[in-house]
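Enquirer: Could you have a look at this structure, given as structure tokens, before my questions?
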Amino acid sequence: MVKAVILGAAGGIGQPLSLLLKLNETVTELALYDIVNSPGVAADLGHINTPAKVTGYLPPKEKNAPNDGLKNALTGAHIIIIPAGVPRKPGMTRDDLFKINAGIVRDLATGIAQYSPKAFILIISNPVNSTTPIVAEVLKKHNVFDPKKLFGVTTLDLVRASTFTGEISGHDSRDIRVPVVGGHSGITIIPLLSKISPSYSFSKEQIDSLTNRIQYGGDEVVKAKDGAGSATLSMAQAGARFADAILKASVKGEARLIEVSYVHLDADKDGGDKIRATVGLDYFSSTIELGTNGITKIHPLENLTAFEDSLLKAAIPELRENINKGVAFIKEDSKL
């Protein structure tokens, strides 16, 4: 039995993500949790003839009643994906977003700590640079934190990098791999275009343009949707792709699966310490190898170009601030 749980399953990312997980034949049970509409989404998906049995769960209607919906959704989970929260709207700052989503993620992480502490946890809720440390700090307070199993999902940055570079290089974007390290917002997103596979030599102007577009691709979607949301469909596809990699490694035993994710650097002491020595941070989006129990290796940062090194230097102060904000939110929280 492989139970996948989606927390925030009825939202703009949650619904298409739920559909994609229902189509993943490794999943045998799919639990959908949200504050509204999750039973309806579950009923709809339940008619699709793939193996996963789908159930929807809601919180209690009475205030202060035990949240049996969250408990039942999480119990027995193998993998938990969290797209819960509000999307970024035009004019909304990342700070506005943080204030709302931090509390939502904290409460869900508390449920995970209580009911499914050994599960793989994938964070989509923005701002990922801060929400991932929030989940880690909650798990630490419950003495159940395993850095090898916590992932901030940055796959959309890689998906965009493949798409945008393919438009220039002429290569099939499905075959293109570009490591994108650092964080998951604005200048913290560091595309390592020098390490593109298959290799391609971009001009300086192309590197400048591609870097900016990969860093701020989300703004293109927010603007194009004109107040009606942010990147939901592409984010759902990226989240499902990363979840599939976790399932291939942890359930099917596929060896040396290489991905990129925003992780706590303690997940691999050797590789993590090498990155920590360079950036001075506990969290960093890194190239990782996956195994049956999560992260087996973090690849160090090596042979950056002068331009990539300048991107790294620009990203570190903002990343540090984002991480500290998430950590402080839990340390100062009277609810825990």
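Placed from the backbone N, Cα and C atoms, the Cβ positions cover glycine too.
The active site, proton acceptor annotation in TrEMBL covers HIS184. Here TrEMBL flags GLY8, ALA9, ALA10, GLY11, GLY12, ILE13, GLY14, ASP34, ASN101, ILE124, SER125, ASN126, MET235 as NAD(+) binding site. Taken from TrEMBL, the feature substrate binding site covers ARG88, ARG94, ASN126, ARG160. Among the features that TrEMBL reports, domain 'Lactate/malate dehydrogenase N-terminal' is placed at 3-152. If you look up TrEMBL, you'll see 154-329 marked as domain 'Lactate/malate dehydrogenase C-terminal'.
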Enquirer: Of the recorded positions ASN126, ARG160, HIS184, which one has its Cα closest to the Cα of ALA10 (NAD(+) binding site)?
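Expert: Closest candidate to ALA10 (NAD(+) binding site), judged by Cα separation, is ASN126.
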Enquirer: Which one is closest to GLY8 (NAD(+) binding site) in space, judged by CA to CA distance, out of the recorded positions ARG94, ASN126, ARG160, HIS184?
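Expert: Out of the listed candidates, the nearest Cα belongs to ASN126.
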Enquirer: Filter the recorded positions GLY12, GLY14, ASN101, SER125, HIS184 down to the ones within 10 angstroms of ARG160 (substrate binding site), Cα to Cα, kept in sequence order.
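Expert: Within 10 Å of ARG160 (substrate binding site): none of them.
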Enquirer: Given the binding-site residues GLY8, GLY12, GLY14, which one has the fewest other C-beta atoms within 10 angstroms of its C-beta?
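Expert: Among the binding-site residues GLY8, GLY12, GLY14, the lowest count of other Cβ atoms within 10 Å belongs to GLY12.
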Enquirer: Which residues of the same chain, at least 6 positions away in sequence, have a Cβ lying under 8 Å from the Cβ of SER125 (NAD(+) binding site)?
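Expert: Residues satisfying the criterion: GLY8, ILE82, PRO83, ALA84, GLY85, ASN101, ILE104, VAL105, THR131.
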Enquirer: Could you tell me which three-state DSSP class SER125 (NAD(+) binding site) falls into?
Expert: coil
Enquirer: Please give the maximum pairwise Cα distance, in Å and rounded to a whole number, for the NAD(+)-binding set GLY8, ALA9, ALA10, GLY11, GLY12, ILE13, GLY14, ASP34, ASN101, ILE124, SER125, ASN126, MET235.
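Expert: This binding site's residues have a maximal Cα-Cα distance of 18 Å.
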Enquirer: What is the nearest of the recorded positions ARG94, ASN126, HIS184 to GLY12 (NAD(+) binding site), using the Cα of each?
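Expert: Nearest in space to GLY12 (NAD(+) binding site), counting only the recorded positions, is ASN126.
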Enquirer: Can you tell me how many other Cβ atoms are located within 10 Å of the Cβ belonging to ASN126 (substrate binding site)?
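Expert: A count of 24.
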Enquirer: Near HIS184 (active site, proton acceptor), which of the binding-site residues ARG94, ASN126, MET235 can be found within 10 Å, Cα to Cα?
Expert: ASN126
